[in-house]
Structures are given as structure tokens and as C-alpha cells.
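J.: Straight from Swiss-Prot, here's the annotation block:
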{"type": "ACT_SITE", "residues": "26", "note": "active site, proton acceptor"}
{"type": "ACT_SITE", "residues": "146", "note": "active site, proton donor"}
{"type": "ACT_SITE", "residues": "177", "note": "active site, schiff-base intermediate with substrate"}
{"type": "BINDING", "residues": "26, 27, 28, 29, 30, 146, 147, 148, 202, 203, 230, 231", "note": "1-deoxy-D-threo-hexo-2,5-diulose 6-phosphate binding site"}
């Protein structure tokens, strides 16, 4: 890895722990202005003050989300998009370039690929192209890889998740985001098969905050490099406190019980 990528990665990860708490806020394209990100600047402010390492935004939200004050936070510009209104919502297309992201001040870029989807061929082609350009510009690449399509019966199947993680590594990502399998033992398959850092996705909004923290702890026990969780952070009762609680687990190795005290 070149020094350019190393320097930029330190802006989206904790330099001491080499772990990260990333909060995606790119849901506006896929689902509209959902609860928690209606006002993007306020949403960024809350998670930044809580200690998140980075946020994921689409290019048009960078200016809207820039605070110009308070605690600094890493910026990851998302390059992929589709909407929930599409009959082929699993087929992501590129809507931004690495060069655009650089001009916007990004510390990294992210791409979304759904293996098994009808549009897999084009998404993999885009992935390969983006990773090439990222290497040229020394821009870190976060790959969000999911198993979604006619042949995927369960996207949380350990073998499917491990396949997703390996695809991210094979095609040149620097960090890969995949679903959590449900327990540390099976999630280790994804960790062991990936030579790059693996972070977990948060998925749909969970019923309880304790459940979210238990998922985070399980992933960390398996060897994850952190998390990339959206709705279970920005739709929490207090997003800043939720990030602080997660930080205790991710960066300090604390227990769920210790982390949960912050949320009481």
C-alpha cells in the first residue's frame, strides 16, 4: 500500500486501534429522506460529536453535511446508487467518480456490489475499474458487498458472507463491508478468508439497543475491524450516545454491559 492510502486511511480509522466506526448516510437515494437523516448536517453533527470515525455521503450531500466546526470526522463519498422504487433495485450503477470525490475533499470512496443479482456482471466490472482508479490516486476504497439475487436463499449464510468478503479483497478494496452472520464463530469464516479489514453492516433497524451492541461485540470477537452501521445509529434515541457506546466495544474492548451503561 502506498503512503497516500495509508495517510487517508488514518482519517477514517482510529490510528491507535486500527479499528473504525463508519456511519453510512447514503440512504436518501435508495429510500428518500428517512428518519434520522432528514437534516443531514444535524445527523453528521450528532455522530461526529459521539466519536464516529467517518460518514458515508453521496456527492450532493457533502456541502449540505459540512459543519465547518466541532469535532472532525472522515468523509467517504459513495459512488453507487439505485432506488427502492426500481424493479431491479439490487443493480447498482456508478453515479460519481473517484476524481469528483477527490475534488469534494473525500478521505475515501465506497462502492456497493450485490453478487448474485442480475446486474452482477456490470457491478463487478465497475468495481474493477474503480479499484484501478483508486490505486492511481491513492484513494482508499470501501467495498460494500452483499449476496442478493435469485440463487441467494439467505444473505447471512456464512459461506455467502465469506464469499462477499473475499470478492472485496480479490477486486482491490482496502476495507470490505459485509452482513454479520449472527455469531462470532461463523463470522470468522469471512475474517479468515479476507486479507483486508472486514467491517459489519447494520442491516434493518433492530428492536433494542442492547441487541445492536451484542452484534457489534460478536463481530469484534470474531476479528472484525469495526462497523459500518447506519439506521441503528442515526435512528437511535441518542445517536451520539450510541456511537460512544459502540466506541467502548470497538476501540476499548469493553463489554456490552459496560457500553450499555452509556445508553441508560
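Quick reminder: no glycine exception, Cβ is built from N, Cα and C everywhere.
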J.: From the recorded positions 26, 30, 146, 147, 230, pick the residue whose C-alpha lies nearest to the C-alpha of residue 177 (active site, schiff-base intermediate with substrate).
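T.: Answer for the nearest of the recorded positions: 146.
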J.: Any same-chain residues 6+ apart from residue 30 (1-deoxy-D-threo-hexo-2,5-diulose 6-phosphate binding site) with CB under 8 Å of its CB? Would you list them in sequence order, or say none?
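T.: Listed in sequence order, they are 81, 82, 83, 84, 89.
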J.: Look up residue 147 (1-deoxy-D-threo-hexo-2,5-diulose 6-phosphate binding site) in the DSSP assignment and report helix, strand or coil.
T.: strand
J.: Looking only at DSSP and grouping its letters into three states, which state does residue 202 (1-deoxy-D-threo-hexo-2,5-diulose 6-phosphate binding site) belong to?
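T.: Its secondary structure by DSSP: coil.
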J.: 10 Å Cβ neighbour count around residue 177 (active site, schiff-base intermediate with substrate)?
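T.: For residue 177 (active site, schiff-base intermediate with substrate), the 10 Å Cβ neighbour count is 28.
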J.: Looking only at DSSP and grouping its letters into three states, which state does residue 30 (1-deoxy-D-threo-hexo-2,5-diulose 6-phosphate binding site) belong to?
T.: helix
J.: Is any of the recorded positions 146, 147, 202, 230 within 10 Å of the residue listed as 'active site, proton acceptor' (Cα-Cα), and if so, which, in sequence order?
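T.: Checking Cα-Cα distances against the residue listed as 'active site, proton acceptor', the recorded positions within 10 Å turn out to be 230.
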